[in-house]
Amino acid sequence: MEIIKISPRGYCYGVIDAMVIAKNASLDPNLPRPIHILGMIVHNKHVTDAFESIGIYTVDGANREEILDKITTGTVIFTAHGVSPSVKAKAAAKGLTTIDATCPDVLHTYNLILEKQAAGYEIIYIGKKGHPEPEGAYGTAPDVVHLVETKADIDALSLLSDNIFVTNQTTMSKWDVADLMDYIKEKFPKAIQHQEICMATQVRQEAVAVQAKGADLTIVVGDPRSNNTARLAQVSIEKAGTKAYRIADITELDIEWIKDAKKVAVTAGASTPTQLVREVLLFLEQFDAADKTTWKRAHNKDFERILPKMKNKYMAEKRRQRLAHLKNGGS
(Lines of atoms letter the chains of each structure in order from A; the text may use other names.)
(Lines give C-alpha, C1' and ligand atoms only; values in the text may rest on other atoms or scores of the structure.)
Protein backbone atom coordinates (compact mmCIF):
# COMPACT_ATOMS: atom_id res chain seq x y z
CA MET A 1 0.00 0.00 0.00
CA GLU A 2 1.23 3.47 -0.91
CA ILE A 3 0.54 6.12 1.72
CA ILE A 4 0.23 9.75 0.68
CA LYS A 5 1.06 11.94 3.67
CA ILE A 6 -0.71 15.12 2.66
CA SER A 7 1.19 18.22 3.69
CA PRO A 8 0.53 20.58 5.35
CA ARG A 9 -1.84 18.94 7.79
CA GLY A 10 -2.73 19.11 11.48
CA TYR A 11 -2.32 21.91 14.01
CA CYS A 12 -2.49 25.52 12.80
CA TYR A 13 -0.97 28.51 14.63
CA GLY A 14 -4.36 29.60 16.03
CA VAL A 15 -4.84 26.21 17.67
CA ILE A 16 -1.30 26.14 19.03
CA ASP A 17 -1.74 29.67 20.42
CA ALA A 18 -4.99 28.76 22.18
CA MET A 19 -3.50 25.61 23.67
CA VAL A 20 -0.40 27.42 24.93
CA ILE A 21 -2.59 30.11 26.50
CA ALA A 22 -4.63 27.45 28.31
CA LYS A 23 -1.50 25.54 29.37
CA ASN A 24 0.02 28.76 30.70
CA ALA A 25 -3.15 29.36 32.71
CA SER A 26 -2.77 25.96 34.36
CA LEU A 27 0.75 26.94 35.45
CA ASP A 28 -0.23 30.32 36.89
CA PRO A 29 -0.84 30.00 40.66
CA ASN A 30 -2.30 33.52 40.81
CA LEU A 31 -5.34 32.76 38.65
CA PRO A 32 -8.57 32.09 40.58
CA ARG A 33 -9.67 28.46 40.55
CA PRO A 34 -11.43 26.60 39.12
CA ILE A 35 -10.38 27.33 35.54
CA HIS A 36 -13.01 26.61 32.91
CA ILE A 37 -12.96 26.82 29.12
CA LEU A 38 -16.11 28.32 27.60
CA GLY A 39 -16.81 25.54 25.11
CA MET A 40 -14.12 23.35 23.54
CA ILE A 41 -10.78 25.24 23.39
CA VAL A 42 -10.47 23.68 19.95
CA HIS A 43 -12.85 21.16 18.43
CA ASN A 44 -11.11 17.97 19.50
CA LYS A 45 -12.17 15.84 22.45
CA HIS A 46 -8.70 14.36 22.89
CA VAL A 47 -7.43 17.90 23.50
CA THR A 48 -10.19 18.80 25.97
CA ASP A 49 -9.62 15.53 27.86
CA ALA A 50 -5.91 16.30 28.04
CA PHE A 51 -6.60 19.74 29.52
CA GLU A 52 -8.98 18.25 32.07
CA SER A 53 -6.12 16.04 33.24
CA ILE A 54 -4.24 19.20 34.33
CA GLY A 55 -7.22 20.95 35.90
CA ILE A 56 -8.58 22.96 32.96
CA TYR A 57 -12.24 22.00 32.61
CA THR A 58 -14.37 22.32 29.49
CA VAL A 59 -17.98 23.45 29.89
CA ASP A 60 -20.02 23.00 26.73
CA GLY A 61 -23.54 23.81 25.59
CA ALA A 62 -25.76 25.24 22.87
CA ASN A 63 -24.24 28.73 22.93
CA ARG A 64 -21.69 30.75 24.88
CA GLU A 65 -24.19 32.69 27.00
CA GLU A 66 -25.90 29.48 28.14
CA ILE A 67 -22.53 27.92 28.95
CA LEU A 68 -21.55 30.97 30.98
CA ASP A 69 -24.65 30.49 33.14
CA LYS A 70 -23.07 27.26 34.40
CA ILE A 71 -19.90 29.01 35.64
CA THR A 72 -20.15 30.94 38.90
CA THR A 73 -16.59 31.50 40.07
CA GLY A 74 -12.94 31.32 39.09
CA THR A 75 -11.36 31.89 35.69
CA VAL A 76 -12.88 31.40 32.25
CA ILE A 77 -10.96 30.98 28.99
CA PHE A 78 -12.59 32.10 25.74
CA THR A 79 -11.81 29.62 22.96
CA ALA A 80 -10.00 30.07 19.64
CA HIS A 81 -13.40 30.47 17.92
CA GLY A 82 -14.13 33.84 19.54
CA VAL A 83 -17.02 35.24 21.58
CA SER A 84 -19.37 38.19 21.31
CA PRO A 85 -19.01 41.42 23.33
CA SER A 86 -22.14 40.50 25.30
CA VAL A 87 -20.50 37.27 26.51
CA LYS A 88 -17.41 39.19 27.63
CA ALA A 89 -19.60 41.72 29.44
CA LYS A 90 -21.60 38.96 31.13
CA ALA A 91 -18.42 37.27 32.36
CA ALA A 92 -17.17 40.58 33.76
CA ALA A 93 -20.51 41.22 35.48
CA LYS A 94 -20.25 37.82 37.17
CA GLY A 95 -16.84 38.76 38.55
CA LEU A 96 -15.00 36.09 36.59
CA THR A 97 -11.37 36.43 35.60
CA THR A 98 -11.20 36.07 31.81
CA ILE A 99 -8.51 34.96 29.36
CA ASP A 100 -9.07 35.46 25.64
CA ALA A 101 -7.62 32.75 23.36
CA THR A 102 -9.50 33.90 20.25
CA CYS A 103 -7.51 33.24 17.07
CA PRO A 104 -6.11 36.52 15.65
CA ASP A 105 -7.64 35.68 12.26
CA VAL A 106 -11.08 35.49 13.87
CA LEU A 107 -10.48 38.72 15.79
CA HIS A 108 -9.58 40.39 12.50
CA THR A 109 -12.95 39.39 11.02
CA TYR A 110 -14.80 40.65 14.10
CA ASN A 111 -12.93 43.96 13.86
CA LEU A 112 -13.89 44.26 10.20
CA ILE A 113 -17.53 43.77 11.15
CA LEU A 114 -17.33 46.56 13.73
CA GLU A 115 -15.63 48.89 11.23
CA LYS A 116 -18.30 48.26 8.60
CA GLN A 117 -21.10 48.65 11.14
CA ALA A 118 -19.68 52.06 12.11
CA ALA A 119 -19.58 53.00 8.41
CA GLY A 120 -23.29 52.19 7.99
CA TYR A 121 -23.10 48.81 6.26
CA GLU A 122 -25.38 45.79 6.45
CA ILE A 123 -23.19 42.69 6.77
CA ILE A 124 -23.81 39.31 5.18
CA TYR A 125 -21.77 36.70 7.03
CA ILE A 126 -21.30 33.27 5.44
CA GLY A 127 -20.92 30.63 8.13
CA LYS A 128 -22.13 27.39 9.65
CA LYS A 129 -25.15 27.86 11.88
CA GLY A 130 -24.55 26.55 15.39
CA HIS A 131 -20.77 26.95 15.17
CA PRO A 132 -19.24 29.24 17.83
CA GLU A 133 -17.29 31.41 15.37
CA PRO A 134 -20.41 32.66 13.51
CA GLU A 135 -22.16 32.97 16.88
CA GLY A 136 -19.45 35.41 17.94
CA ALA A 137 -19.54 37.22 14.60
CA TYR A 138 -23.29 37.72 14.78
CA GLY A 139 -23.04 38.82 18.40
CA THR A 140 -20.42 41.40 17.48
CA ALA A 141 -23.06 43.49 15.69
CA PRO A 142 -26.45 41.71 15.87
CA ASP A 143 -28.40 44.64 14.43
CA VAL A 144 -26.57 44.49 11.09
CA VAL A 145 -25.11 40.97 10.72
CA HIS A 146 -27.11 38.47 8.63
CA LEU A 147 -25.87 34.87 8.92
CA VAL A 148 -26.26 32.76 5.76
CA GLU A 149 -25.20 29.18 5.10
CA THR A 150 -27.04 28.32 1.88
CA LYS A 151 -28.39 29.94 -1.27
CA ALA A 152 -31.86 29.62 0.24
CA ASP A 153 -30.70 31.78 3.15
CA ILE A 154 -29.48 34.38 0.66
CA ASP A 155 -32.79 34.28 -1.22
CA ALA A 156 -34.58 34.99 2.06
CA LEU A 157 -32.60 38.19 2.70
CA SER A 158 -34.43 41.48 2.29
CA LEU A 159 -31.89 44.29 2.52
CA LEU A 160 -32.94 47.79 1.48
CA SER A 161 -29.51 49.41 1.71
CA ASP A 162 -26.93 49.30 -1.09
CA ASN A 163 -24.19 49.49 1.54
CA ILE A 164 -23.57 45.77 1.96
CA PHE A 165 -20.38 44.07 3.13
CA VAL A 166 -19.87 40.32 2.76
CA THR A 167 -17.44 38.23 4.79
CA ASN A 168 -17.25 34.71 6.17
CA GLN A 169 -16.25 32.15 8.79
CA THR A 170 -12.51 31.50 8.57
CA THR A 171 -12.73 27.69 8.41
CA MET A 172 -15.20 27.29 5.54
CA SER A 173 -14.35 25.64 2.22
CA LYS A 174 -12.89 28.39 0.05
CA TRP A 175 -14.83 27.00 -2.92
CA ASP A 176 -18.14 27.03 -1.04
CA VAL A 177 -17.52 30.61 0.06
CA ALA A 178 -16.62 31.70 -3.48
CA ASP A 179 -19.80 30.06 -4.81
CA LEU A 180 -22.00 31.79 -2.23
CA MET A 181 -20.25 35.11 -2.77
CA ASP A 182 -20.93 34.84 -6.51
CA TYR A 183 -24.59 34.17 -5.72
CA ILE A 184 -24.74 37.15 -3.36
CA LYS A 185 -23.22 39.34 -6.07
CA GLU A 186 -26.08 38.41 -8.41
CA LYS A 187 -28.67 39.52 -5.87
CA PHE A 188 -26.73 42.47 -4.45
CA PRO A 189 -24.46 43.75 -7.26
CA LYS A 190 -23.07 46.63 -5.20
CA ALA A 191 -22.02 44.45 -2.27
CA ILE A 192 -18.37 44.66 -1.20
CA GLN A 193 -16.87 41.21 -0.69
CA HIS A 194 -13.99 40.28 1.59
CA GLN A 195 -13.14 36.57 1.77
CA GLU A 196 -11.72 35.68 5.18
CA ILE A 197 -10.63 32.04 4.80
CA CYS A 198 -7.54 31.89 7.01
CA MET A 199 -4.31 30.94 5.25
CA ALA A 200 -3.83 27.81 7.38
CA THR A 201 -7.28 26.54 6.35
CA GLN A 202 -6.76 27.48 2.72
CA VAL A 203 -3.39 25.76 2.23
CA ARG A 204 -4.67 22.58 3.90
CA GLN A 205 -7.68 22.50 1.59
CA GLU A 206 -5.55 23.16 -1.49
CA ALA A 207 -3.14 20.40 -0.45
CA VAL A 208 -5.99 17.88 -0.27
CA ALA A 209 -7.43 19.03 -3.62
CA VAL A 210 -4.09 18.32 -5.32
CA GLN A 211 -2.40 15.57 -3.33
CA ALA A 212 -5.42 13.29 -2.80
CA LYS A 213 -6.02 12.94 -6.54
CA GLY A 214 -5.54 9.36 -7.69
CA ALA A 215 -5.79 7.86 -4.22
CA ASP A 216 -8.34 5.14 -3.53
CA LEU A 217 -9.50 7.01 -0.44
CA THR A 218 -8.59 9.83 1.91
CA ILE A 219 -8.55 9.39 5.66
CA VAL A 220 -9.17 12.66 7.49
CA VAL A 221 -8.20 12.52 11.15
CA GLY A 222 -10.26 14.94 13.24
CA ASP A 223 -13.08 15.43 15.69
CA PRO A 224 -16.68 15.16 14.37
CA ARG A 225 -17.35 18.68 15.68
CA SER A 226 -14.44 20.22 13.78
CA ASN A 227 -15.72 22.27 10.85
CA ASN A 228 -12.33 22.50 9.14
CA THR A 229 -11.99 18.70 9.36
CA ALA A 230 -15.38 18.23 7.70
CA ARG A 231 -14.36 20.65 4.96
CA LEU A 232 -11.18 18.65 4.24
CA ALA A 233 -13.27 15.53 3.65
CA GLN A 234 -15.59 17.56 1.43
CA VAL A 235 -12.65 18.90 -0.59
CA SER A 236 -11.29 15.39 -1.12
CA ILE A 237 -14.63 14.24 -2.52
CA GLU A 238 -15.55 17.31 -4.55
CA LYS A 239 -12.16 18.61 -5.74
CA ALA A 240 -9.82 15.61 -5.74
CA GLY A 241 -12.53 13.13 -6.76
CA THR A 242 -11.47 10.80 -3.95
CA LYS A 243 -13.86 9.33 -1.40
CA ALA A 244 -13.07 10.34 2.15
CA TYR A 245 -13.65 9.05 5.65
CA ARG A 246 -13.32 11.12 8.82
CA ILE A 247 -12.08 9.40 11.95
CA ALA A 248 -11.52 10.82 15.44
CA ASP A 249 -8.58 8.46 15.99
CA ILE A 250 -7.19 5.12 14.85
CA THR A 251 -9.88 3.11 16.68
CA GLU A 252 -12.51 4.37 14.20
CA LEU A 253 -10.66 3.21 11.08
CA ASP A 254 -12.68 0.48 9.33
CA ILE A 255 -10.62 -2.30 7.76
CA GLU A 256 -13.22 -2.62 4.98
CA TRP A 257 -12.22 0.84 3.73
CA ILE A 258 -8.57 -0.08 3.20
CA LYS A 259 -8.22 -3.83 2.71
CA ASP A 260 -8.31 -3.57 -1.10
CA ALA A 261 -6.75 -0.11 -1.36
CA LYS A 262 -3.49 0.41 -3.25
CA LYS A 263 -3.09 4.11 -2.43
CA VAL A 264 -4.37 5.87 0.72
CA ALA A 265 -4.11 9.60 1.39
CA VAL A 266 -3.99 10.87 4.97
CA THR A 267 -4.60 14.36 6.29
CA ALA A 268 -5.82 15.94 9.53
CA GLY A 269 -7.86 18.87 10.75
CA ALA A 270 -6.22 21.98 12.17
CA SER A 271 -7.25 20.96 15.70
CA THR A 272 -5.99 17.36 15.47
CA PRO A 273 -3.05 16.36 17.71
CA THR A 274 0.01 15.11 15.84
CA GLN A 275 0.03 11.98 18.01
CA LEU A 276 -3.33 10.86 16.58
CA VAL A 277 -2.14 11.29 12.99
CA ARG A 278 1.09 9.44 13.74
CA GLU A 279 -0.86 6.46 15.09
CA VAL A 280 -2.85 6.27 11.84
CA LEU A 281 0.27 6.49 9.69
CA LEU A 282 2.12 3.85 11.72
CA PHE A 283 -0.86 1.52 11.47
CA LEU A 284 -1.14 1.91 7.69
CA GLU A 285 2.60 1.40 7.21
CA GLN A 286 2.47 -2.03 8.87
CA PHE A 287 -0.99 -3.04 7.60
CA ASP A 288 -1.25 -6.23 5.53
CA ALA A 289 -4.74 -7.18 4.32
CA ALA A 290 -3.69 -10.84 4.24
CA ASP A 291 -2.37 -10.85 7.81
CA LYS A 292 -5.00 -10.24 10.48
CA THR A 293 -2.33 -9.82 13.15
CA THR A 294 -1.68 -6.39 11.57
CA TRP A 295 -5.31 -5.30 11.90
CA LYS A 296 -5.24 -4.28 15.56
CA ARG A 297 -6.10 -0.60 16.04
CA ALA A 298 -5.26 0.83 19.46
CA HIS A 299 -5.05 4.42 20.62
CA ASN A 300 -2.40 5.26 23.21
CA LYS A 301 -3.92 7.84 25.55
CA ASP A 302 -0.89 10.03 26.22
CA PHE A 303 -2.11 13.44 27.39
CA GLU A 304 1.40 14.75 27.93
CA ARG A 305 2.17 14.40 24.21
CA ILE A 306 -1.06 16.17 23.23
CA LEU A 307 -0.51 19.28 25.35
CA PRO A 308 2.07 21.93 24.38
CA LYS A 309 5.40 21.34 26.08
CA MET A 310 6.53 24.84 26.99
CA LYS A 311 5.35 28.27 28.01
CA ASN A 312 5.74 30.97 25.37
CA LYS A 313 6.34 34.21 27.22
CA TYR A 314 6.18 36.18 23.95
CA MET A 315 2.72 34.87 23.01
CA ALA A 316 0.83 38.13 23.59
CA GLU A 317 3.25 40.12 21.44
CA LYS A 318 3.15 37.54 18.64
CA ARG A 319 -0.64 37.66 18.65
CA ARG A 320 -0.57 41.46 18.43
CA GLN A 321 1.85 41.24 15.51
CA ARG A 322 -0.38 38.72 13.74
CA LEU A 323 -3.43 40.95 14.13
CA ALA A 324 -1.49 43.98 12.84
CA HIS A 325 -0.26 41.93 9.88
CA LEU A 326 -3.83 40.98 8.95
CA LYS A 327 -5.06 44.55 9.35
CA ASN A 328 -2.36 45.69 6.92
CA GLY A 329 -3.60 43.27 4.26
CA GLY A 330 -1.47 40.24 5.09
CA SER A 331 -2.71 36.67 4.87
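Cβ atoms are placed via backbone N, Cα and C, with glycine included.
Annotated [4Fe-4S] cluster binding site per Swiss-Prot: CYS12, CYS103, CYS198, in sequence order, evidence recorded as sequence analysis. If you take the C-beta of CYS198 ([4Fe-4S] cluster binding site) and look for same-chain residues 6 or more apart in sequence within under 8 angstroms, you find CYS12, GLY14, CYS103, ASP105, THR170, THR171.
What Swiss-Prot lists as isopentenyl diphosphate binding site is HIS43, HIS81, HIS131, SER226, ASN228, SER271, and the listing cites sequence analysis. Sequence-distant neighbours of SER226 (isopentenyl diphosphate binding site) (same chain, 6+ apart, CB under 8 A from its CB) are VAL42, HIS43, ASN44, GLY269, ALA270, SER271, THR272.
The C-beta environment of ASN228 (isopentenyl diphosphate binding site), restricted to residues of the same chain at least 6 apart in sequence and closer than 8 Å, consists of THR171, THR201, ARG204, GLY222, GLY269, ALA270, SER271. Taken from Swiss-Prot, the feature dimethylallyl diphosphate binding site covers HIS43, HIS81, HIS131, SER226, ASN228, SER271, and the record attributes it to sequence analysis.
What Swiss-Prot lists as (2E)-4-hydroxy-3-methylbut-2-enyl diphosphate binding site is HIS43, HIS81, HIS131, THR170, SER226, ASN228, SER271, and the listing cites sequence analysis. Within 10 Å of the Cβ of HIS43 (isopentenyl diphosphate binding site) there are 28 other Cβ atoms, across all protein chains.
According to Swiss-Prot, the active site, proton donor annotation covers GLU133, on the basis of sequence analysis. Within the same chain, the residues at least 6 positions away from GLU133 (active site, proton donor) whose Cβ sits under 8 Å from its Cβ are HIS81, GLY82, VAL106, GLY127, GLN169, THR170, THR171, listed in sequence order. DSSP assigns GLU133 (active site, proton donor) to a helical segment in the three-state reduction.
Counting neighbouring Cβ atoms within 10 Å of each of the binding-site residues (HIS81, HIS131), the lowest count belongs to HIS131.
The record assigns HIS43, HIS81, HIS131, SER226, ASN228, SER271 to the isopentenyl diphosphate site; their largest pairwise CA distance measures 15 Å. It is CYS12, among the binding-site residues CYS12, CYS103, whose Cβ has the fewest other Cβ atoms within 10 Å in the structure shown. Within 8 Å of the centroid of the Cβ atoms of CYS12, CYS103, CYS198, where the record puts [4Fe-4S] cluster, the same chain has further Cβ atoms from TYR13, GLY14, VAL15, ALA80, PRO104, ASP105, VAL106, THR170, THR171, MET199, ALA200, THR201, ALA270.
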